[in-house]
Structures are given as C-alpha cells and as structure tokens.
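Visitor: So Swiss-Prot lists these for the protein:
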type     : residues                   : note
MOD_RES  : Ser2                       : N-acetylserine
TRANSMEM : 10-29                      : transmembrane segment
TOPO_DOM : 30-106                     : topological domain 'Cytoplasmic'
CROSSLNK : Lys40                      : ubiquitin cross-link
MOD_RES  : Lys53                      : N6-acetyllysine
ACT_SITE : Lys53                      : active site, schiff-base intermediate with pyridoxal 5'-phosphate
CROSSLNK : Lys53                      : ubiquitin cross-link
MOD_RES  : Lys66                      : N6-acetyllysine
CROSSLNK : Lys66                      : ubiquitin cross-link
BINDING  : Cys70, Cys72, Cys81, His85 : [2Fe-2S] cluster binding site
CROSSLNK : Lys76                      : ubiquitin cross-link
CROSSLNK : Lys77                      : ubiquitin cross-link
REGION   : 84-106                     : region 'Disordered'
CROSSLNK : Lys87                      : ubiquitin cross-link
MOD_RES  : Lys102                     : N6-acetyllysine
CROSSLNK : Lys102                     : ubiquitin cross-link
CROSSLNK : Lys103                     : ubiquitin cross-link
CROSSLNK : Lys104                     : ubiquitin cross-link
Amino acid sequence: MSMTSSVRVEWIAAVTIAAGTAAIGYLAYKRFYVKDHRNKSMVNPHIQKDNPKVVHAFDMEDLGDKAVYCRCWRSKKFPLCDGSHTKHNEETGDNVGPLIIKKKDT
C-alpha cells in the first residue's frame, strides 16, 4: 500500500466518523430540544384542559358598555383579560392583546 492510499483511507475513516457523530447529534437535538418547544408553543396552557374545545358565549345585551376578553389564554380571570398578555409578550416576543368589545358611540 502506498503512502497516498493510506492517507486516503484515514480521510475516509475520519469523514465517516464525523458524519456519524453529526447524525447522532442531529437526532438527539430533534428528540430532546425541538420537543420542548412544541409544548411551550401550545396556545392554551391550563384552562379547561379536560374539555375538547373551550367555548364561551355571551349575550350582547349582558356585556354592558365595554367588555375586554383574553386572547393569550394566560389570564387568571379567563375569559376576561387581566393583562397577562403583557408578560406573555415579553417572554415570547409575541404581540397579542385583548379583544375589546364596546358599544358604538352614537
């Protein structure tokens, strides 16, 4: 075996080991890191989790002059807004705000 042939074999072995290590690292990243982000991006973290679909309905006549509803799902007074979206926006970089329903000024 010549000198260039043995160098070529060493390079092939090194590239194979590096590619295998990169593949294992990528699979570990996908398994452990990406999974955590999927759970953190869930819109509703804790409100009525036993219910398959959370729905609230209100009669327009019962709202009064103004009603402010939560859209970030973090409010302790859900479905009403308590300003929790401010902290949520700071933590996530989101820009969600409340839904404000008010009577039209005549």
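In case you wondered, yes, glycine gets a Cβ from its N, Cα and C as well.
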Visitor: Using a 10 Å radius around each Cβ and all protein chains in view, which of these recorded positions has the most neighbours: Lys76, His85, Lys87, Lys102, Lys104?
Guide: His85
Visitor: Using an 8 Å cut-off from the Cβ centroid of Cys70, Cys72, Cys81, His85, can you name the remaining same-chain residues around the [2Fe-2S] cluster site, in sequence order?
Guide: Tyr69, Arg71, Trp73, Arg74, Ser75, Asp82, Gly83, Ser84, His88, Val96, Gly97, Pro98
Visitor: In the same chain, which residue numbers or ranges, 6 or more beyond the ends of the transmembrane segment (10-29), come under 8 angstroms Cβ to Cβ?
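Guide: Sequence-remote neighbours of the transmembrane segment (10-29) do not exist; the answer is none.
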Visitor: How many helix, strand and coil residues does the region 'Disordered' (84-106) contain under DSSP?
Guide: 9 helix, 4 strand, 10 coil
Visitor: In three-state terms from DSSP, label Cys81 ([2Fe-2S] cluster binding site) for me.
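Guide: Reduced to three states, the DSSP call for Cys81 ([2Fe-2S] cluster binding site) is coil.
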Visitor: Nearest by CA distance to Lys66 (N6-acetyllysine): which of the recorded positions is it, out of Lys53, Lys76, Cys81, His85, Lys87?
Guide: Cys81
Visitor: Tell me, which recorded positions from Lys53, Lys77, Lys102, Lys103, Lys104 are within 10 Å of Cys70 ([2Fe-2S] cluster binding site) if we use the C-alpha atoms?
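Guide: So the list is Lys77.
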Visitor: Could you state the whole-number distance in Å separating the C-alpha atoms of Lys53 (N6-acetyllysine) and Cys72 ([2Fe-2S] cluster binding site)?
Guide: 16
Visitor: May I ask for the distance between Lys87 (ubiquitin cross-link) and Lys104 (ubiquitin cross-link), taken between their Cα atoms and rounded to an integer number of Å?
Guide: 30
